[in-house]
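Colleague: Dropping a structure here in structure tokens format, bear with me for questions.
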């Protein structure tokens, strides 16, 4: 991180997610400087112009411009949103081969600038590409973060809030594991106002359990539904990225479900995967190890094994 002065965020990739993220940063007044970098220079120029025209309405002054990888040298945070998009019918893991080569070029270019900050990865499959960013950058793993299951957890809390007619900010529940088809809900640790969700429904019988299972399925499959309807997801993840950015730049020590490196916790090693972690200006201060029940532990192991299988194929030497 820079000593003194304002903070700088470099956004690599100004497609739907990158431009929505920059918009969220400006609207919330999170960053002092935002530099937009894209292979399509005109797109980055256009986004910078468009965002600058709204500065008069922003809560805080923000310096926004289009730039190149040299601008990453003084960045506190580089957020990678570039890569091939998920198409209808594709899983996130289908994008691996398309995006690893792209990431090698991006990360090597960022590091060549003299960058000494943190990486935040948004591109799918995010757990795999966060691992790739760590490998290609040579940075300590706590300084490389993926968006993980932050959006899945937000979707989960939103739908549970609707079901129980409670503000989603008062629903405490996590989705962990792969940001994708093998993710899992941690029902054993889910509560509203300190009351376990399982206890809230125990008098309602099998129907309530089935309704909660449908809520999880809708969380897991939300991206497929949105992509089928509008071609891409970007607003929700942009706000999730802004939340992680705020935790970093404001040194919040906030607990967020990000893609973090495991080195023994949850019984797993050498994998980036979605888990609750404490986030501050140094990156991941620590990973929170939830107490999972037996079924959740087996499910999590399956999710980690799925990611490790992809990593083994992608990084075989």
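Glycine residues also receive a Cβ, built from the backbone N, Cα and C atoms like all the rest.
So Swiss-Prot has the following annotated:
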ACT_SITE  179  active site, proton acceptor
BINDING   17, 38, 43, 69, 83, 84, 105, 122, 123, 124, 147  NAD(+) binding site
BINDING   86, 92, 124, 125, 126, 127, 152, 153, 154, 155, 233  substrate binding site
BINDING   157, 172  beta-D-fructose 1,6-bisphosphate binding site
MOD_RES   224  phosphotyrosine
Colleague: List nothing but the one residue from 17, 154 whose Cβ has the fewest other Cβ atoms within 10 Å; the candidates are the binding-site residues.
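Modeller: Taking 17, 154 as the binding-site residues, the minimal 10 Å Cβ count falls on 154.
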Colleague: Cα distance, residue 126 (substrate binding site) to residue 43 (NAD(+) binding site), nearest Å?
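Modeller: So the Cα of residue 126 (substrate binding site) lies 24 Å away from that of residue 43 (NAD(+) binding site).
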Colleague: Within 10 Å of each Cβ, count the other Cβ atoms, then let me know which of the binding-site residues 123, 233 comes out lowest.
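Modeller: Relative to the other binding-site residues in 123, 233, 233 has the fewest Cβ atoms within 10 Å.
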Colleague: State the three-class DSSP label for the residue listed as 'phosphotyrosine', counting H, G and I as helix, E and B as strand, and everything else as coil.
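Modeller: Its secondary structure by DSSP: helix.
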Colleague: Go through 86, 124, 147, the listed binding-site residues, and name the one with the sparsest Cβ surroundings, counting other Cβ atoms within 10 Å.
Modeller: 86
Colleague: Could you give the Cα-Cα distance between the residue listed as 'phosphotyrosine' and residue 233 (substrate binding site), in whole Å?
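Modeller: For the residue listed as 'phosphotyrosine' versus residue 233 (substrate binding site), the Cα atoms are 9 Å apart.
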Colleague: What Cα-Cα separation, expressed in whole Å, is found between residue 152 (substrate binding site) and residue 179 (active site, proton acceptor)?
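Modeller: Here the two Cα atoms lie 8 Å apart.
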Colleague: Cα of residue 126 (substrate binding site) to Cα of residue 105 (NAD(+) binding site): how many Å, rounded?
Modeller: 17
Colleague: List the Cα distance (Å, whole number) between residue 86 (substrate binding site) and residue 123 (NAD(+) binding site).
Modeller: 10
